[in-house]
Amino acid sequence: MGRGGGTTETATAVDPTALMRDFLRETGGCAVLDGGLATELEANGADLNDPLWSAKCLINSPHLIRKVHLDYLEAGANIIITASYQATIQGFESKGFSTEESENLLRKSVEIALEAREIFQQTRVSSKQHPVLVAASIGSYGAYLADGSEYSGDYGESVTLETLKDFHRRRVQVLAEAGPDILAFETTPNKLEAQAYAEILEEGDVKIPAWFSFNSKDGVNVVSGDSLLDCASVADACSQVVAVGINCTPPRFIHGLILSLKKVTEKPILIYPNSGERYDPDKKEWVASTGVPDGDFVSYVSVWRQAGAQLIGGCCRTTPNTIQAISRSLNK
């Protein structure tokens, strides 16, 4: 898997696709992802008015993160995504934490999710009835900047491929070594960042599989204007990527985007759209009354499934009620 043609024994011995293939077989061919984390943390009393966003709870209220993970598992989720989307070593250091403390907070995000899975499975007669994966979330460089650029993909000309690789590399390694089942590279806004992720994975130091998901605001391209097909092709060409998809995108665009993804990849497709509300990056708030009610959101699910999506959940502003409705729809 190394970039000069060199491979490690571990890399050649492990088939990254086996995890996802076996998991989807256990879930009957289609799995349920969880929903919005920040929305639920706020509903449980967390104050997320901070550049660290939901990662702030890793410092102040890890018990709330655990509770939200459990709420999603009880709602039927097969995959829970860690509270590390906005968690970066650089972001924590800017708050006065040492590098070691920052890395420990990243590990903590995975540990909390693993604990939630263990608690959940102890309450069930057979965990085989409800397989659960823990996905370590990796947000974009724009999410760290917290300036809205995760919704535009415009980082400026000074940000190069090497800039992005250097920014993400250690964080990816720390999260991967903390024990999740899979890495979730989420809300990827441009092709350059997808290339950075792929090259980090191909360096051979990360031993677990990953998924790449992109966001779109026009139903055709990713938010930067880069072609979704080009971005998805980067993911498809990376052997450690075991699923490709769309998140943080209005539900009305998802069906067409699934069909587009199928043109460039045979890997499982995952989709976890927003509730349909629109985020205003200037005001840094969600625009009210533009969302899709849970019932209407779920009415899309069978269409997405028939179009080829195999992992379905929700992103911003979706709740355990949304995920419960998705789970029931898929298990009819």
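Each residue's number is its place along the chain shown, starting with 1.
Quick reminder: no glycine exception, Cβ is built from N, Cα and C everywhere.
Look at TrEMBL and you will find Cys248, Cys315, Cys316 tagged as Zn(2+) binding site. Positions annotated as domain 'Hcy-binding' by TrEMBL: 19-330.
Annotation note: Cys315 (Zn(2+) binding site) sits in a coil segment as assigned by DSSP. For the recorded Zn(2+) site, residues Cys248, Cys315, Cys316 set the reference point as the centre of their Cβ atoms, and the other residues of that chain within 8 Å of it by Cβ are Gly36, Thr187, Asn215, Asn247, Thr249, Tyr272, Pro273, Asn274, Gly314, Arg317, Thr318. Within the set of binding-site residues (Cys315, Cys316), the lowest number of other Cβ atoms found within 10 Å of a Cβ is recorded at Cys316. According to DSSP, Cys248 (Zn(2+) binding site) is assigned to coil rather than to any helix or strand.
The average pLDDT for the domain 'Hcy-binding' (19-330) in the predicted structure is 92.
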